[in-house]
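Below is one structure, written out as structure tokens, with a few remarks after it.
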Amino acid sequence: MNPLAMMMFLTSLAIGTTITLSSHHWLLAWIGLEINTLALLPIMTKTPHPRAIEAATKYFLTQATASALMLFSCLINAMQAGEWDINTPSNLMTNSLSIAIMMKLGLAPMHFWLPEVLQGISLVTGLILSTWQKIPPMILLFQISHNINLSLTVILGLTSALIGGWGGIGQTQIRKIMAFSSIGHLGWIIIILKLNPQLSLFNFILYTIMTTAMFLSMIMLSATKMSQISTSWTKNPALTTTTMLVLLSLAGLPPLTGFPPKLLIIMELIKQNMFISATLIMLASLLTLFFYLRLTYIIALTLSPNTHNSTIWRTPTKPWLVFSIINTMALTLLPLTPAILLT
């Protein structure tokens, strides 16, 4: 793709996100989301492959459906309340609006598009889709969190955590595994949204950091399948080690960055006397733990035959400084958790 065109599309992504984040008007927020969607479509199809075209088509149809439902909900709110202010949605439109935004995020049971779309695009585009594209809808959910239906968030959160674990167990493609990982993490974020939006935002920020670190690792290793990642140790031992630790962090094992949000969410659910929900989401997280540990096993405890040890790193031109900072944050933020939550 022409670098000038690529820069224009990335700038449009940033502009769309900024418009949504800074708007107090539902129509402006909707316009920002549409700019985001339309800017990502050419980036998805920069590799003219049938899988990429199919992924872009599925993404467009799903986002268009969610946008139509969102605009319909906003119009109902404008008819009832006589205003378009984001902070004053009516009770009638909150459920339909929440479902539309959750469809944009890829929460279960509106998740079917996410694994297929992520599998059909490149790792760089998958990184944008899994992190940057989730920021505007998530911020809108945070803004209406005081009016959102608690039963809706709990049911969708538990469903997403369960499907995110169940769907990823039999996968061999890393992009699909990351898609189901995203669905599972979003379930943890959503289940606590009504009760503690600050904790939900904290979880979302850590999810973004860990997912970015994982995708950057895959980009640098040029790995999209388990069979490719199993041969990465001889190519780059240091990078393979940090990739294994990032996977364990995504699984939520202590003392890594992924552990504090899960611990705090369970504590908050118990404090709200939601013992059954806490138990179910912990059991669902065991499913995700299985496929993270399977990936970790393949990386660390298997060595493919017919490979030779390399004394040099084969990717000398990569942005190692940015990657090192992201990886460090994805692994070592546990001691800073109290300070982050108090800010």
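Just so you know, glycine gets a Cβ as well, placed from its N, Cα and C.
All TrEMBL annotations are machine predictions without curation.
What TrEMBL lists as domain 'NADH:quinone oxidoreductase/Mrp antiporter transmembrane' is 23-288.
For the transmembrane segment (26-44), same-chain residues at least 6 beyond its ends with a Cβ under 8 Å from one of its own Cβ atoms are 1, 5-6, 9-10, 12-13, 15-20, 52, 55-56, 59-60, 63-64, 67, 70-71, 74, 77-78, 84-86, 104, 117, 121, 125, 128-129, 133, 136-137, 140. Annotation comment: TrEMBL describes 26-44 (among others) as transmembrane segment.
The feature transmembrane segment is assigned by TrEMBL to 56-80 (among others).
Beyond the transmembrane segment (92-114), the same-chain residues lying 6 or more positions past its ends with a Cβ under 8 Å from any Cβ of the stretch are 33, 58-59, 62-63, 65-67, 69-70, 72-74, 76-77, 80, 134, 137-138, 140-141, 144, 147-149, 152-153, 156, 159-160, 162-164, 179, 182-183, 186-187, 190. The transmembrane segment annotation in TrEMBL covers 92-114 (among others).
Residues or ranges marked as transmembrane segment in TrEMBL: 150-170 (among others).
Residues or ranges marked as transmembrane segment by TrEMBL: 177-195 (among others).
Within the chain, the transmembrane segment (201-224) has long-range Cβ neighbours (under 8 A, six or more residues past its boundaries) at 123-124, 126-127, 130-131, 134-135, 138, 142, 173-175, 178, 181-182, 185-186, 188-189, 192, 232, 235-236, 239-240, 242-243, 246-247, 249-250, 257-258, 260-261, 264-265, 315, 318, 322-323, 326-327, 329-330, 333, 340-341. Look at TrEMBL and you will find 201-224 (among others) tagged as transmembrane segment.
Feature annotation from TrEMBL assigns transmembrane segment to 236-254 (among others). Away from its own ends, the transmembrane segment (236-254) comes close to residues 181, 185, 210-211, 213-214, 217-218, 220-221, 229, 261-262, 285, 288-289, 292-293, 295-296, 299-300, 310, 313-315, 327, 330-331, 334 of its chain (Cβ-Cβ under 8 Å, at least six residues beyond either end).
As annotated by TrEMBL, transmembrane segment applies to 274-299 (among others).
Under the heading domain 'NADH dehydrogenase subunit 2 C-terminal', TrEMBL lists 289-341.
For 320-341 (among others), the entry in TrEMBL reads transmembrane segment. Beyond the transmembrane segment (320-341), the same-chain residues lying 6 or more positions past its ends with a Cβ under 8 Å from any Cβ of the stretch are 198-199, 202, 206, 209-210, 212-214, 216-217, 220, 242, 245-246, 249, 254-257, 259-260, 264.
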